[in-house]
Amino acid sequence: DIFEILCLLAFFSVWGALARLGLSSLEGYPGAAVQPLVWAQFVGCVVMGALAELKDFFVVADGRNLQLFVGLSTGFCGSFTTFSSWMSTTFLAMANAQPSYDRPRGYSVLGLIDGITLTLAFSLTGLKFGREVGVFVRHLWTKSLYGFNLVSGRRTVPTMKVLAVGLGAGCWIGVLLMCIFIKKWRGNALFAATFGPMGTFLRWYLSRKLNPLNPRFPIGTFAANIFGTIVIGCLMIGQQRVYQRADPTACQVLQGLMDGFCGCLTTISTFVLELVTLERRNAWTYGSVSVVCGVVCMCLTAGVDHWRFRAHEVVRC
């Protein structure tokens, strides 16, 4: 079962990372009203909300096949949304570095507030909308007739296992081969898809081991989000250095680590779902500590490089 989950996580995390990059690129047109990443957070939370209401459809009489639910929720939704990239874009807005404008410092404070509140508002709205969609679908479908147990019962569980292994391993190997032979797609998508499953594995492991330790504060999700934020801040510094040395391959690898490993290691969809399921006082504590620690980590990594040494440049590898 663990091996099947890992294969499903690898498969869905590859597609989640690619979907995030594709939607962000599509929404990154000149003059966009909001940051492109906001829409990826919104759509990912919509899917997560629907899955939360449809979880019973993935359970058969013997309790099997929850692996598919873990792959969709932790793998796809967790990789579609990202906490570390949210913190990095919020930092760039606060630091007046994407791009730089001649403005009073007070507007940088507004940039910080806007970056935090807009993403949280879109994500919470998306989760609520997704749950409403899930409730609607659940009323249309009856578990005995149209639920997933119809196609994933006892007789088809071995088939699902073989399919999971084939999809997961085959998809990851295919991405690795494309990285070797198709150079022009490396920086845009392939490196991110290659490193993405490793971040998803680590997030799933941390959540599995640490979240049960304190039901009032999901330590595993918090650790994954903050660790990924620290890593992406350090990678942003490294990317500035290799970009100055005109090393495009190294720059693309670092971009892939930021979009893939850090993007899939950290998640907004699970974070928002935990916020709405915790008691109100615990939710405020968990959300506030996560956001404050994320902003502080960005300031102590990329912020030191930006404010002390030179202005940060948004690198396009």
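Even glycines carry a Cβ here, placed using N, Cα and C.
Please treat TrEMBL annotations as automatic predictions, because they have not gone through curation.
Taken from TrEMBL, the feature signal peptide applies to 1-19.
Nonlocal intrachain contacts for the transmembrane segment (32-54), taken as residues 6+ away from its ends with a CB within less than 8 angstroms of a stretch CB, comprise 16, 19-20, 23-26, 69, 72-73, 76-77, 80-82, 85-86, 89, 93, 115, 118-119, 122-135, 137-138, 268-270, 272-273. The transmembrane segment annotation in TrEMBL covers 32-54 (among others).
Marked as transmembrane segment by TrEMBL: 66-87 (among others). Long-range contacts of the transmembrane segment (66-87) within the same chain, counting only residues at least 6 positions beyond its ends with a Cβ under 8 Å from a Cβ of the stretch, are 1, 4-5, 8-17, 19-20, 37, 40-41, 43-45, 47-48, 51-52, 55, 58-59, 115, 119, 123, 148, 152, 160, 164, 196, 199-200, 203-204, 207, 225, 228-229, 231-232, 258-259, 262-271, 290, 294-295, 297-298.
Listed as Cβ neighbours of the transmembrane segment (107-129) (distance under 8 Å, sequence separation of 6 or more from its ends, same chain) are residues 34-35, 37-39, 41-46, 48-49, 81, 86, 89-90, 93-96, 268-269, 272-273, 275-276, 287, 291, 295. The transmembrane segment annotation in TrEMBL covers 107-129 (among others).
According to TrEMBL, the transmembrane segment annotation covers 162-183 (among others).
Under the heading transmembrane segment, TrEMBL lists 189-206 (among others).
Feature annotation from TrEMBL assigns transmembrane segment to 218-238 (among others).
What TrEMBL lists as transmembrane segment is 283-304 (among others).
Sequence-distant neighbours of the transmembrane segment (283-304) (same chain, 6+ residues past either end, Cβ-Cβ under 8 Å): 83-84, 86-88, 90-91, 94-95, 112, 116, 120, 216-218, 222, 225-226, 229-230, 233-234, 236-237, 271, 274-276, 312.
Remote same-chain partners of the transmembrane segment (189-206), defined as residues 6 or more beyond its termini with a Cβ less than 8 Å from a stretch Cβ, comprise 5-6, 9-10, 13-14, 16-18, 21-22, 70, 74-75, 78-79, 172, 175-176, 178-179, 182, 220-221, 223-224, 228, 252-253, 255-257, 259-267. Long-range neighbours of the signal peptide (1-19) within the same chain, counting only residues 6 or more positions beyond its ends whose Cβ lies under 8 Å from a Cβ of the stretch, are 40, 43-44, 67-68, 70-72, 74-80, 160-161, 164-165, 167-169, 171-172, 175, 189, 192-193, 196-197, 199-201, 204, 259-260, 263-264.
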